[in-house]
């Protein structure tokens with residue numbers, strides 16, 4: 001059982017980091033970023049190229065992943081989402097754009113990196129084995145790094161000037177603008193940060209699970225699940241949702257093993273019931 | 001008065017032209033050119049536009065529905081199971097599949113229709129996954145192997161008069177399927193048009209704008225939402241049932257999240273403000289994808305690139321070109 005909980009905790013840290021990026025973009029722009037999974041995959045492939053192929057240090061690869069995705073995110077916001085939001089009669093039109101960018105990134109990833117499953121050499125060798133828990137050291141390192149990134153993100157949002165501006169924007173766009181917050185600039189920074197987080201998790205997880213061009217969609221769905229559990233647009237909710245989903249997956253895979261591959265069916269069903277009782281998730285704001 | 005009479009005659013004329021095109025011109029042209037493979041493409045377009053019409057209806061009450069694939073899958077399985085396991089004829093399974101989906105959507109819709117915006121979108125998205133996983137897990141759906149070799153639709157006769165001949169005996173079952181799909185599409189969009197221009201349609205529009213306000217002046221919003229969602233799922237189920245009949249098989253992966261997203265994209269592309277938007281959107285997206293097939297590995301890149309450009313230029317859908325800009 002300790003093993004199951006340790007696995008769940010490790011998964012949860014990764015998931016929380018994915019969900020944070022998605023929820024940040026949603027909070028700032030009311031955009032449901034369908035391309036989040038694809039950004040994750042792209043981050044994974046960049047780390048694969050820099051660390052696995054070119055042989056540069058892992059930290060450099062991780063930085064490259066984060067930076068590339070941040071630039072892509074900023075450009076997407078500036079040239080695509082901002083324009084469509086301004087011109088469209090209905091806010092939901094951004095969903096078509098988001099889906100189209102997801103397809104676009106999928107196509108680019110497929111062209112650049114092919115469809116093979118890719119992995120990289122382990123970053124740390126050895127296995128932690130004590131008190132009934134078996135965890136390879138690289139998982140521990142990746143889990144710890146994820147926790148550090150989460151903490152850094154939360155602190156940044158809480159105490160930096162940029163973070164404060166973004167929180168104001170998420171709370172009330174018009175009021176923030178009236179108080180002199182440069183809405184356009186911080187929307188762009190927020191989108192870039194969200195994309196950067198996706199890229200970083202991709203870079204972290206490629207060292208463990210590897211990456212292939214087809215996992216973007218499923219990752220997006222998982223990210224949506226976490227955001228729904230925790231509540232859309234709330235930092236705390238995304239973290240909670242990530243850990244809850246990680247734990248449910250880990251426990252479910254063990255407990256429900258004899259019934260076949262039904263873990264996600266059970267999770268979905270539970271989520272439906274949960275959402276009918278609490279439509280806005282654990283901590284979400286009501287929509288409308 | 002004269003102007004109204006004129007617009008009415010214009011409407012009747014355009015409907016007549018449309019019917020003439022789909023029922024006479026298209027079969028004649030295909031027969032002349034010998035491209036019978038186009039029947040399959042056009043049949044798919046007709047069926048997908050029925051499912052998309054359902055999605056459009058949920059947009060009309062202000063909900064983003066990315067779960068139509070679930071109902072299409074459900075409809076396909078209901079029809080397939082009734083035909084294969086219980087020896088039903090295909091024709092009665094068509095309305096049964098639709099009604100089954102409508103009933104299921106009432107049960108599912110009652111809790112989830114309380115959600116709004118992205119929450120509803122995300123729940124319906126996961127609904128598609130639930131449907132796929134259920135089809136994999138349930139014993140009656142035959143798991144990942146799916147249901148195969150479903151017999152073609154048989155003859156349909158009323159009081160001894162054969163209305164529709166047995167599809168298996170037809171020389172050109174593709175044409176038969178095309179006519180069936182197009183007829184259903186015409187009926188479906190006629191129903192949609194009538195619905196949108198009725199009192200219920202106006203009430204639905206009030207939901208789209210402000211549910212609280214609508215509720216405060218006595219609109220039964222919970223009832224309307226469920227009705228609209230049930231009609232939407234009915235369309236999805238019927239489309240799925242015919243798809244299963246055409247391909248004579250159905251698998252858990254017959255309708256996936258991608259299909260659900262595509263149904264939604266069809267509506268966006270055609271224009272959310274126009275009843276016939278989903279039809280146009282489906283036609284353009286499906287044919288665009290088919291035409292780009294020659295570009296090989298760049299197909300998806302060009303397709304999605306065009307979609308992004310289209311979104312930047314015409315964010316309110318293709319049909320917004322025809323309509324005068326209502327802003328200002």
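Numbers run from 1 along the shown chain.
Cβ atoms are placed via backbone N, Cα and C, with glycine included.
Curation plays no part in TrEMBL annotations; they are all automatic predictions.
Since we're looking at a predicted model, the values are computed, not measured.
Listed in TrEMBL:
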- A:12-34: transmembrane segment (TRANSMEM)
- A:54-75: transmembrane segment (TRANSMEM)
- A:96-114: transmembrane segment (TRANSMEM)
- A:134-157: transmembrane segment (TRANSMEM)
- A:188-211: transmembrane segment (TRANSMEM)
- A:223-247: transmembrane segment (TRANSMEM)
- A:259-277: transmembrane segment (TRANSMEM)
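Two recorded stretches are said to be in contact when at least 3 C-beta pairs lie under 8 angstroms, sequence spacing 6 or more; the transmembrane segment (A:223-247) and the transmembrane segment (A:188-211) fall short of this definition. Within the chain carrying the transmembrane segment (A:134-157), a Cβ under 8 angstroms from the stretch's Cβ atoms is held by residues 3, 6-7, 9-10, 13-14, 16-17, 20, 122-128, 163, 166-167, 197, 200-201, 204-205, 207-208, 235, 239, all 6 or more beyond its ends. Among the stretches A:54-75, A:96-114, A:188-211, the one making the largest number of Cβ pairs under 8 Å with the transmembrane segment (A:12-34) is A:188-211.
Beyond its flanks by at least six residues, the transmembrane segment (A:188-211) meets 14, 17-18, 20-22, 24-25, 27-29, 33, 36-37, 39-48, 51-52, 58, 61-62, 65-74, 76-78, 81-82, 117-120, 122-123, 138-139, 142, 145-146, 149, 153, 162, 166, 169 of its own chain at Cβ-Cβ distances under 8 Å. Listed as Cβ neighbours of the transmembrane segment (A:96-114) (distance under 8 Å, sequence separation of 6 or more from its ends, same chain) are residues 31-35, 37-39, 41-42, 45, 48-49, 76, 80-81, 84, 213, 216-217, 220.
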